[in-house]
Amino acid sequence: MELEVPDEAESAEAGAVTAEAAWSAESGAAAGMTQKKAILAEAPLVTGQPGPGHGKKLGHRGVDASGETTYKKTTSSTLKGAIQLGIGYTVGNLSSKPERDVLMQDFYVVESIFFPSEGSNLTPAHHFQDFRFKTYAPVAFRYFRELFGIRPDDYLYSLCNEPLIELSNPGASGSVFYVTSDDEFIIKTVMHKEAEFLQKLLPGYYMNLNQNPRTLLPKFYGLYCVQSGGKNIRVVVMNNVLPRVVKMHLKFDLKGSTYKRRASKKEKEKSLPTYKDLDFMQDMPEGLLLDSDTFGALVKTLQRDCLVLESFKIMDYSLLLGVHNIDQQERERQAEGAQSKADEKRPVAQKALYSTARESIQGGAARGEAIETDDTMGGIPAVNGRGERLLLHIGIIDILQSYRFIKKLEHTWKALVHDGDTVSVHRPSFYAERFFKFMSSTVFRKSSSLKSSPSKKGRGALLAVKPLGPTAAFSASQIPSEREDVQYDLRGARSYPTLEDEGRPDLLPCTPPSFEEATTASIATTLSSTSLSIPERSPSDTSEQPRYRRRTQSSGQDGRPQEELHAEDLQKITVQVEPVCGVGVVVPKEQGAGVEVPPSGASAAATVEVDAASQASEPASQASDEEDAPSTDIYFFAHGRYWLFSPRRRRLRAVTPSHTGAPTDGRSWVYSPLHYSARPASDGESDT
């Protein structure tokens, strides 16, 4: 472990000396002369035309005479090269060591390696100035990377294979931002106090990620330091919240406060300005509308993250919100008359787990699983007040600000001049409560018109939609309702009531039907009830192996009844008639007269011819009255007599059989083993 001494610029907390303070210093002081020379060197020439941002300095970030960005007077190209050399060596060296559990002392270990310009037996030669590269808590950060599914080779390929890209609009923090060419990681320079606070935060951060990796908090993948020329430049590697391949039409930095929370005129002149709270409330008074499941998942994630930040006494953090307007991009493409560059190079999903906004609130990805790739690029589907389809990319940023003495003093001073509840700097408990209330009530709102449907990942997961184009996404009207009475299986087929659900089977299956067969084929029920399910032909039904059998009884030549076992024709259904026990039932005729049905104990079933086209219709329970009654007469034998029942005419009458004991028209008689008591069933196949 090494003890670091902060450089003289960092010890001042302000980070840099302004030009006015430098010119007012005493001319005889050596420090004042040094600062004057530095400022004069960075000042633009009088005869030349200054470039954009030339000669201006914000914190440690500045621009040299050639127009290149500098950080602590180190050029951006030098800093990028040193970062890639250092990370390439440390990560490669760490991957050769065996993995082990994270120990408490691992959070405070600092490894250091010297990189001379001429090279050494461990480091390659380079054309930069000699520098020392430090890695903070390498074992702990290796665990974090594994937790998010980032392999060492992928980490090295993203950071070291191609040059880093500097962001042109870094913000007002005075930091320099780099993004990898694959949009996977962001590299940000941090202050000494911020790096120190992150080191203290690591044990609690480790515990929080173990409990729940789905969070909107920054995902830290590494903390490093480049030491050169007496300067310590500390950088942190994080997840990229706003991918460059997705065009952001709006960008907001939201804190939940109102004091000076409006974008300046200078900021609005930028190509992609960063708007603030008052701008959001003015431009989007209706907020961002989400469906109920998405809103619930987002609110729970925000609530959990706010509690974590409050427990660490963190404040002054923000919600970075990027809005991609799908409808606006389609209008822009139609106006241009050609496809944009986004179509030429199809976006590739991020490799890290839980790195997108959609995964952070929804989950669904586990360690080692492949992430579903769709054209939403991890954005959260939403709708604005005008009904336009949006994709939201969100994340909580700037969490390395603790409520120290300087922040307490800042809040006290601002509270004396303005309303203390409106300023951004506040105690952590109040800040977290105000932040959560603003996000859950003003920014994000639940819309009753937007409904989600349970997907294959279970209830609460977002609706999985395969878009047709790079900017296609589901709209509000295309999302089916979640509270539907009709159940859908994975194939989208509707499930009808099965034989076991009715409780009174009339047909005995040869073999127990599978789950798919049970949901795709229904079985006949009793005629006394109002439901009549028409079986559908299943792929397992064949003429050689029918699914159902039935018994028939007929009179032989000697006058004795005979039983026969037949394979059930799939073009027929068997209906069983069950009179009420002990009560005579009168079936009215057309003129109102009736015939008394014999008492209980009589029961039979008949074969009813069904048209083949009717098998594709809905169950007869959805119809009623005479229109749904079978048109074919039903013959049955009860109490020593033959009876004929006409469902269409609702008439029951006794008939006289022929000398052979069978009906005159040659119809077959169906035997029901549940109610026929003259002869017990003896065939073993009837019990299958």
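Numbering starts at 1 and runs along the chain as displayed.
Just so you know, glycine gets a Cβ as well, placed from its N, Cα and C.
Database features (Swiss-Prot):
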REGION    48-71  region 'Disordered'
DOMAIN    75-443  domain 'PIPK'
MOD_RES   K265  N6-acetyllysine
MOD_RES   K268  N6-acetyllysine
MOD_RES   R459  omega-N-methylarginine
MOD_RES   R459  asymmetric dimethylarginine
COMPBIAS  525-534  compositional bias 'Low complexity'
REGION    525-565  region 'Disordered'
MOD_RES   S554  phosphoserine
REGION    592-629  region 'Disordered'
COMPBIAS  602-623  compositional bias 'Low complexity'
MOD_RES   Y635  phosphotyrosine
MOD_RES   Y671  phosphotyrosine
MOD_RES   S672  phosphoserine
MOD_RES   S682  phosphoserine
MOD_RES   S686  phosphoserine
MOD_RES   T688  phosphothreonine
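For the modified residues shown (K265, K268), fewest C-beta neighbours within 10 angstroms: K265. Secondary structure from DSSP puts K268 (N6-acetyllysine) in a helix. Here the domain 'PIPK' (75-443) has a mean pLDDT of 84 out of 100.
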